[in-house]
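Following: one structure in structure tokens, then a few remarks.
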Amino acid sequence: MTLWINGDWITGQGASRVKRNPVSGEVLWQGNDADAAQVGLACRAARAAFPRWARLSFGDRQVRVERFAALLESNKAELTAIIARETGKPRWEAATEVTAMINKIAISIKAYHVRTGEQRSEMPDGAASLRHRPHGVLAVFGPYNFPGHLPNGHIVPALLAGNTIIFKPSELTPWSGEAVMRLWQQAGLPPGVLNLVQGGRETGQALSALEDLDGLLFTGSANTGYQLHRQLSGQPEKILALEMGGNNPLIIDEAADIDAAVHLTIQSAFVTAGQRCTCARRLLLKSGAQGDAFLARLVAVSQRLTPGTWDDEPQPFIGGLISEQAAQQVVTAWHELEAMGGRTLLAPRLLQAGTSLLTPGIIEMTGVTGVPDEEVFGPLLRVWRYDNFDEAIRMANNTRFGLSCGLVSPEREKFDQLLLEARAGIVNWNKPLTGAASTAPFGGIGASGNHRPSAWYAADYCAWPMASLESDSLTLPATLNPGLDFSDEVVR
């Protein structure tokens, strides 16, 4: 029984699904998808639970959410192993994901009060108040790269605001989704407040097509995000929050410490086997001898990166991709870039057939035209050379996406110029692109999405503002507008 609907574990009536470890092939989870009828059942359960949940005090909702945080802490080792085994990422990285889930609880509570709490200002004849109200029933679509942390960034603020939820994890990480849901169950959420439906495209389409849905919060690929945007077009009454990745540029303008710059680049491009939406996909490198030296060192260090299993000791920097198919897609993209005229500096290699263990790839594309503006979701870095900083910024902005952008340079003036001209929601200076502050908004512009998911600004789209003018008594104004006559004289 792998669906959690209205406080009960039930068996899915849709297609059967088996999840294997992407490296070893070990069977980790088996179950059935939710069919359309069960998706509708989950929505009705969430709708029925909404009035009572929304009418609880914020403190009562906070108690449940903090109980979930405590359960994450006490079950950290177990959840770390589940996420690592299911995604293929190393144990150390899965542990950081669970830690991030725990930390986001306190941040989300603070964000609710700062971003969407209640405010009151006195007026001569009363008061003006601002309150926030939950939307109602929200669908949350989770991604596979951070199957605990990223859905958590939607679910926690949505629950705190008083919404009820239908959560659909990625079909590639059903085990992690179920494990997290069991902790929510232990936290004592009332039946129907949070529901779990497993499944792939058919389940997702049934969920997004629900008429009684008040909103949809999505993290995933641009293609799926665009489909959801089209599907919900003409429905302005529904909130739609999209985080869709990017084709992110990293500008290496001047690196006094080449090894430090190489380390930053590897952290930006290859951490999580390149499966972070903020990963650097395009390396923009200044022409000249220093750029040549940097590139040679980057290739030399990157070729030492050997992917390993989730529990290898010593622990590897990167593990496998989410699936062998995902790894093959990266290899295919590399071959296509070569065919366009790209010059391979480091070839990505699938270490063993039937696994997702893929080594990083680096390919130079300087002078090649017609390169697709697409996100290759894996450890493949494309390199372009530039002659001046204005050209670098033009190249950085030459994308329909706008998630993250970074600069390596000792010159504050160049960073200030980048801040003014960059089209990206995250712009870092001498820091990896994959680094983001939990108390800052996360997200981008253009094809990278609209709202800012993950805790701090998520509070904004999990509740709507209600403005009020208030007075505890009603009296006739001392001064009336022209044309109004409230005298006792009888009009003849």
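The backbone N, Cα and C atoms fix where each Cβ goes, glycine too.
Not measured: the values here are computed from a predicted model.
Around the Cβ of E243 (active site), the number of neighbouring Cβ atoms within 10 Å comes to 27. Taken from Swiss-Prot, the feature active site applies to E243 (among others), supported by sequence analysis.
Taken from Swiss-Prot, the feature active site covers C277 (among others). Under 8 Å, Cβ to Cβ, and six or more positions away along its own chain, C277 (active site) finds N145, T219, E243, M244, G245, G246, E375, L403, S448. Secondary structure from DSSP puts C277 (active site) in coil.
DSSP classifies G220 (NAD(+) binding site) as coil under the three-state reduction. When other Cβ atoms within 10 Å of the Cβ of G220 (NAD(+) binding site) are tallied across all protein chains shown, the result is 21. Among the features that Swiss-Prot reports, NAD(+) binding site is placed at G220, S221, A222, N223, T224, G225, with the record citing sequence analysis.
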Query raised in the report: Near S221 (NAD(+) binding site), which residues of its own chain have a C-beta under 8 A away, given they sit six or more steps off in sequence?
Result: M244, G245, E375, F377
**Report entry** Residues close to NAD(+) site centre defined by G220, S221, A222, N223, T224, G225, Cβ within 8 Å
**Finding:** F218, Y226, Q227, L228, M244, G245
Requested in this report: Measure the Cβ-based neighbour count of A222 (NAD(+) binding site), defined as the other Cβ atoms within 10 Å of its Cβ.
Outcome: 21
Report summary line: Fewest neighbouring Cβ atoms within 10 Å among the binding-site residues N223, T224 goes to N223
